[in-house]
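First the structure, in the form of structure tokens, and then the observations on it.
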Amino acid sequence: MKEYKLENIRNFSIIAHIDHGKSTIADRLLESTSTVEQREMREQLLDSMDLERERGITIKAHPVTMYYEYNGEVYQLNLIDTPGHVDFSYEVSRSLAACEGALLIVDAAQGVQAQSLANVYLALERDLEIIPILNKIDLPAANPERIRKQIEDYIGLDTTHAIACSAKTGEGISEILEAIIELIPPPKLPEETELKALIFDSHYDPYVGIMVYVRVISGEIKKGDRITFMATKGSAFEVLGVGAFLPEATLIEGSLRAGQVGYFIANLKKVKDVKIGDTVTTVKHPAKVPLDGFKEINPVVFAGIYPIDSSDFDTLKDALGRLQLNDSALTIEQESSHSLGFGFRCGFLGLLHLEIVFERIIREFDLDIIATAPSVIYKIVLKNGKTLFIDNPTAYPDPSIIEHLEEPWVHVNIITPQEYLSSIMNLCLDKRGVCLKTEMLDQHRLVLSYDLPLNEIVSDFNDKLKSVTKGYGSFDYRLGDYRKGSIIKLEILINDEPVDAFSCLVHRDKAEARGRSICEKLVDVIPQQLFKIPIQAAINKKVIARETIRALSKNVTAKCYGGDITRKRKLWEKQKKGKKRMKEFGKVSIPNTAFIEVLKID
């Protein structure tokens, strides 16, 4: 680390919608400041996972410290890269709390999108200095002036200092570096001398254990300090070393001081011991009050994960345990299902988080897994006054003891070209949405605000929105409140036996259509047997839909050549009795493909 000067430190973040060029601009900044040598440079350097590179998204926050000489002074520029997706909005808010400014990157052809809007509002709440960056000006469709007007009219940001650039060609990158130094203020001189550091992320390293990423607000942290976490009131730990991101995590001599960004290692064993947003202080001279804004991260979406081969259960357990080391938001609980065997009930921050975990299990651990349909947490008030919170259809109580049920709702902002307005309104109506307001973003695009049940969002809302807007629509959501809903348990019976893996909680108005589509799908995927198999959808033991898999026909009279008809009748009667007995005692084997196909039903 170079000479410490508080007034020469700039802490900033980058806010951008998916595919607007955030990681590419970060690459150009690293190149221009010579933080990374040319031979070590690669695309999306800060995105370390293959999954991040392929999808073009940032999943984990990646800080990096750069040094840049300007007007004879050397400035320390700390970039705290953040995930852009709404699922990780709490992590984004804590990363922004560690900064004094942010770069708002907007595609000069596509314009402002929903997820960048959501994060801009988080930055404005923190009173950060926001510098608009109009990227991809090399594209033929780029229209920087139109995008400037969008930013001014809809977000209310002054675009006098907006910078037009092209991360691809490198045009405008030096102007961005100068704007960071000129416009983003240095960290404030702390009034306190006690250590107060904000945790904005953590990472498990197999060699050194847990690395805690911090922005020091006041005081300093160094090797040998005894520290504790204020919000969680945990036990004390000894700091074994402090480091900086240059751009790789590198241990340094000395200390991390007020305004600086870095990490420390201590004898911490689990990521769960370290909560994002918590305040670090010393045991000897503790700070009086913690930093504000801390809250526990609770999962929002739940799904069951089961191995296709039951012998892979221990491997799956190990895989989830390893993923949890770097993902404190992932919750895991062992569960069993009559039809799927042993597996895990997992909690996620949202649908993208769930998809990432599934994909990493398959890729990194080479496992074949089945996932049950995602569900949300329902609040059930019983007639005896007790309240239950359930996320699994198997935990649904007897309907006769339920007073009422409440479901979580979310506030949704959708940005779309005008021509798709009626299609989106029909989609939201089908999803039980309530329209709050419609605003013009510019001459061609609208912002629609809706309240929607979370259950409708986690299933297929994103896919359907992309479909009806030909890929041009984008949305973000934030959790709202619980509202009374007519949610019931739909059971699927195969050969009169309920199959728990197909059970789901649905709105009463959609139960019959959902039940019918599941029954029709199962008729196609369950192989025929020597007896008829009824497939039924039922609510509270009342059948609302039914399909039948016809029996395989076997010609038992094939060996009878002519002769008396009574011989044939005896054989037919015997076959009839045998089929009746098979229907009573026969087990229907459900192939794994059936579970996967049912999950694909809209």
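Cβ atoms here come from the backbone N, Cα and C positions, even for glycine.
As given in Swiss-Prot:
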- 7-188: domain 'tr-type G' (DOMAIN)
- Asp19, His20, Gly21, Lys22, Ser23, Thr24, Asn135, Lys136, Ile137, Asp138: GTP binding site (BINDING)
>> Suppose we draw a 10 Å sphere around the Cβ of Gly21 (GTP binding site). How many other Cβ atoms does it contain, all chains included?
In response: 24
> Among the binding-site residues Ser23, Asn135, which residue has the largest number of other Cβ atoms within 10 Å of its own Cβ?
Replying inline: Asn135
> Any idea what DSSP makes of Asn135 (GTP binding site), helix, strand or coil?
Replying inline: strand
> In terms of DSSP three-state secondary structure, what is the assignment for Asp19 (GTP binding site)?
Replying inline: coil
>> Please give me the CB contact count at 10 A for Ile137 (GTP binding site), counting all chains in the structure.
In response: 21
> Around Asp19 (GTP binding site), how many other CB atoms lie within 10 A of its CB?
Replying inline: 16
